[in-house]
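As recorded in TrEMBL:
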- 192-280: domain 'DUF6534' (DOMAIN)
- 30-51: transmembrane segment (TRANSMEM)
- 63-84: transmembrane segment (TRANSMEM)
- 104-123: transmembrane segment (TRANSMEM)
- 144-168: transmembrane segment (TRANSMEM)
- 188-207: transmembrane segment (TRANSMEM)
- 227-247: transmembrane segment (TRANSMEM)
- 253-273: transmembrane segment (TRANSMEM)
Amino acid sequence: MANVTTSDCPALTENPIILDITSSYGSLLVGSWLSCVMWGVSSLQVFIYYMNSGDFDPQFLRILVYFGAIFDTANAILVMKGQWLVLIHEYGKVGLLPATQLELLHHTWIESIVIFVVQLYFIRRIYIFSKQSLRSEKLKYATLAILAVMVMLASWQLIGIAVFMTYAYGNDWEILSSPRLMGLNISLRAAAVAADVLMSFGMAILLNRSGTPRFSKTKRMVHRLILVIVLSGALTAASATVVLILIKVYPASLYYCILEFSLCSLYFSTLLANLNTREYVQSGGSGCIDTLSTFNAEYRPDDIVLRPLNTHALRGLSGGVTANTIRGVQHAKEIKTDDPDAFSPFKDRSTV
């Protein structure tokens, strides 16, 4: 066998075309990394949900989480696949750089569906809570009007993305920086921010209007619920706001994709976080209240278990009803009427 020397190898030549693609595929690459991180977070929360509540929640909620996980995974795959051809499979082919990758366009409508469904779920929770907590007819009608605005803002993200796909499909990246699509893209992000802000503040205001609970444990539960709602809404609103700013400041680049790719998993994670923190919100942190969330809703009574109440009830059998027993009953009633929807294990979870 002949010896192979270095002289037999062709001499390496420098690529005559060197391009800086930081504003395009550099942004897409960083965005895909963050998207994978957020997909990992949402996948972990899906596991936690099915481990703790997957067998006890109503069927529609389990189906919602199931299909949400499928859409979220499909979104992560499309984000990675959209860069594979240019950066891996045909690396160095300059002619592919300005072409719009179809996988990234399909990612946009999948992301819009997930955001729309998550926002509708939170709008539904606000509607249920307002219907049970508001007594004034004027306040009810005002709340319905605000909810209608929220629904329109959420719906515009589906309608707008359909128009966006019509113009962008099959065209180069330059079409995305046209005034028409720029305005459309900005309106989509602005609608998402407005809907998130309205939902967070709306639920917090409704919880505050329900009155300040007299018992410290109930106060702690309400404060925890407000904290979870406001933080989750603020996180999605802040992320969408940053995307909106990047679109406006850098209209001819794809810097906004650094965070935009993660929005699908982020919104899905906020839904899962609200579902997975229900036991934390209801616990009160003292160990006094035990929910029956570990039993099937079909066999679970519409009540909670109060350990001190059981002890005092035994004393009441021998010496009459004590004052502690009465306070325990009042405590249970107050907790059950604070938020029948958010504190779902206090009742059948079919109302979640």
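Yeah, the Cβs are placed from backbone N, Cα and C, and that goes for glycine too.
Remember, TrEMBL labels are computer predictions, not curated facts.
Keep in mind that what you see is a predicted model, and the values were worked out from it rather than measured.
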For the domain 'DUF6534' (192-280), mean pLDDT (0 to 100)
85
Note: vs the transmembrane segment (63-84), the recorded stretch with the largest number of Cβ pairs under 8 Å from 30-51, 144-168, 188-207, 227-247, 253-273 is 30-51
Stretch-level contact, the transmembrane segment (30-51) and the transmembrane segment (253-273), CB cutoff 8 A, at least 3 pairs
yes
What are the DSSP helix, strand and coil residue counts for the domain 'DUF6534' (192-280)?
73 helix, 0 strand, 16 coil
